[in-house]
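Here's what TrEMBL has on this protein:
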ACT_SITE  B:THR87  active site
ACT_SITE  B:THR163  active site
ACT_SITE  B:ASP164  active site
ACT_SITE  B:LYS240  active site
DOMAIN    B:1-51  domain 'GatD N-terminal'
DOMAIN    B:79-270  domain 'L-asparaginase N-terminal'
DOMAIN    B:290-394  domain 'Asparaginase/glutaminase C-terminal'
Amino acid sequence: MSEYDYEDLGLVAGLEIHQQLDTATKLYCQCPTARREPEEATRTFTRYLHPTKSELGEIDDAALEESRVDREFEYLAFDTTCLVEEDDEPPHHIDDEALDVGMQIAAMLDMSVVDQAHVMRKLVVDGSNTSGFQRTTLIGQEGQIETSEGPVGVEDLLLEEESAGRVEETDDGVRYSLDRLGIPLVEIGTKPDISSPEQAREAAERIGMLLRSTGKVKRGLGTIRQDVNVSIADGARVEMKGVQTLDDIEDLVRLEVQRQVELLEIRDELQARDASVGETQDVTDTFEGTESGVIEGALDGGKVTAVPLFGFDGLVGHELQPDRRLGTEFSDHAKRHGAGGIFHTDELPAYGVTQEEVDALKEAVGAGDDDAVAIAAADTETAELAIAAVKERAEAAIEGVPEETRGANDEATTRYLRPLPGAARMYPETDVPPVEPDPSEVEIPELLTERVDRYQAEFGLDAGLAEQVAFGRRMPLFEQAVADGIDATLAAGTLESTTTELRRDDVPVQNLTDDHLLDVLQLVDAGDLAKEGIVDVLTVLAENPDLSAEEAVEEAGLSGVDEAEVRAAVEEVVDRNEEQVEEQGMGAFSALMGEAMGALRGKADGEIVSSTLREEIQKRS
Amino acid sequence: MNPGDRVRVERAGVTNEGVLMPSTTADYLVIKRDGGYNVGIEREDAEVDVLETDVYDVGDEGEGEDSSVVEFDDDLPTIALISTGGTIASTVDYRTGAVTARFDAEDVLRAVPDLAGRANYRGRVVANILSENMTPEIWRDLAAAVHEEIEAGADGVVVMHGTDTMQYSAAALSFMLDTPVPIVFTGSQRSADRPSSDNVMNAVCAVEAAKSDAAEVMVCMHASESDDVCALHEGTRVRKSHTSRRDAFRTIGAKPLGEVDYDTETVSFRRDYAERGAATLDIAADLADDVELVKFTPGMDPAAWDYLEGKSGVVIEGTGLGHVHTDLIPRIEELVDDGAVVAMTSQCLEGRVCDRVYDTGRDLLDAGVVEAGDTLPETAKVKLMWVIANTDDPVGAMQRSLNGELTEQSRPWT
């Protein structure tokens, strides 16, 4: 990947961060925010959605396009969901706890909380909301965060309801799970103040840290989603969705800049060549008796459509991002209309398509040496829609970079998803009265970065462990353990390092509850379990989560080691190594210590073993 | 500064630019920002600049005033769509809350495009009210309008009605009209301004039912929480039994008369019904307006029954088999002696009253109470209003079925 001068290119980027809140109840009902498995569903029902006019009398184009397909949505309901999620009961009042967390986040982002918050309905007709809209409320405005490359403005803070989780596509539509619907979600939108990939990452990291500092956000896969908006001076605003990790943000911005730069290069070349896009045509006859499996498969009842791309020769195969060419963009658009993809002459002959067929194709559509042709093979309707979409995208290539919404791929490249959403998707939620939030009682919590410093200063943890604990999921447990008088280093080491080691050894650490961990730490603190036995006891607990910590100690065979037993074991070791002890005296200590510990299998505290061993060696030497 | 103006408001260092909304109050300016979000800004200390006036024509229907251009198809039946208000086909103006009174065929199709191609439509507005504001006066107007439409050749009638009092209106029309065509009431439990509204499916199924062979007054609403089947309830046996669910309407004491499959558009029936064309169109829309429905509850102040003085009819919603506190029986006797028809129904809803089992019941019968069988209390009220105005023997009429409101046999499994 080439390095660009981002300032020179006029890179402008912004972030949109969605974070689920970990509140006791959902945003508009009293159901818990617990996630469920589809198999646990207790009822199902099916619905259709019909688009409606917005408050200003307009129907959103994107929404209309979505709704053209008459799709049936099936919903899974649980013993943890109610009629509100089913859109069969009006929403209750906005959840106080979520509003409080929202105001806290606003304060941390240096934002003004609105005087009066109005709940809006944002039209969403893909079925992910049973109502056909998502309830969303602007609660904070005009904030700012610091980055090493300067401040980044925060445009707005929205408090919204999470959508229903998509379970799977069905024959008639989509199946959704209602457990996720209504979980409170904050959406934070920065201003387009970000001017480098590194700054994008840093800003996202900063916001993520602030959110986690509240201690009221959900953790784990899918609980935070980052969208990145990018444009360069001559390019266009592109919204990238579904960014999984912070590391990806940098690469995504880089690769999107590259994509826009390459598209502009293609544009310049196309304009220099006076390129144009011809009319779409049916070229089924050209491929009669073809040996291409893909095309042959479509010919049974379907057809092959083509669009001549005058002046495009060589440019359709032009690489925009690693392994993605202009042709790939065409393909994305064709796929949106149900086609498997397209072929284009820059990559043909290949895939069973012969040179003769390519020549015949070019002739059939009046394309010459400087031109390219794209084809789609599918059932009649799909083939027609797909090639029309390719035509439209090719025309846009002559103009430059189209504005659009893209989805992140695993390698930080992106694919076309849909046009940018329009603004006419919002109207007031008349079932929920406006609220006047009162931010006067809001307190800013200790930031996780501050916590890292404190853990080092107060508990003497090293920087790495302090950060691991502070940013870790078990931070509240660590705080509790320390408050209970447990040694901070022991607690930190057990909660972070030990659990990490166990996970690496495929121990089902996810089964360990906070109580398990705290009980084990307390047993160590009380002298009932040796530090060395922690790994074994936690392993037993992880594999038998129903056991108590005491039972696990017994199960691990680590209970009931008193001093006499330690001495007996140590004596046995010393006896066995009599010669060595006589020869080396205390010099034999470390070798024998290992042996003694092994013999006691972690049942005894290392310090007791070592002092006993010292005594025994002294006795014999 | 007026709603619809584009304004810039500055307050406490925050600037909001957008369209001023009519939901603005004395304390808060409500601005629709360009992103679509509404935000309320305290008026106090707010600096307002009007940037442009009347950006949006807030308050007027956005649609043009073109006259109806929906073509008439000779091959399709004609269905009269009559609106009494409610949410099903109304084009609500979000900004003012006003419901448009225009209701021609084109308005109907604009509100529910899925109705297109099923029938020729004639739209008509009888009232524009929330259904809790329904009155016997409007029932008379509604009956007259339905009568007119059928007389003018409608092959079926769909009445779009708010759900709160739909069962009363359906019962009223059941008694007031002899109909040779289906009269189907429908509405929506979730407002038409949401993509998930049940209005589309209910309206489509109601039209299919109105095209069917059953010349009955029916209520057509969701049969379950799913958008798959609408139930057809007899107008005199139906009750709204849930505040918010789509399938709020239930036939009491039996399964619904029939159903409409939304997907296949087939209408099917479980029991016999009056066939299309069997009855001759007739109307008897008079009602006695001084009929009360009273519910007896333990501890109630007997004075609460003082206002029944001089009424021509009283329907009691008694306990169990049809009882009230023994102390109230002399009061009932007075009412009957005064010339009132006093009919007994049960707050159990399911099952028929029987005042021959216990002493209280026998005393009630001695006092002159008329047993209304398994007639639902709400239906009994409407029926008593009608029988007092239209029959010579209201007491006898209350004890027999006129329109399926009182069943002969208790067969709740059918």
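Note that Cβ sites are derived from N, Cα and C of the backbone, with glycine treated the same way.
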List of residues, in chain order, with Cβ under 8 A from that of B:ASP164 (active site) and at least 6 apart: B:LEU130, B:SER131, B:GLU132, B:LYS240
Other C-beta atoms that fall within 10 angstroms of the C-beta of B:LYS240 (active site): 21
Number of Cβ atoms other than its own within 10 Å, given for B:THR163 (active site): 25
Reduced DSSP assignment, B:LYS240 (active site): strand
Helix, strand and coil counts within the domain 'Asparaginase/glutaminase C-terminal' (B:290-394) (DSSP): 43 helix, 21 strand, 41 coil
Mean of pLDDT values spanning the domain 'GatD N-terminal' (B:1-51): 89
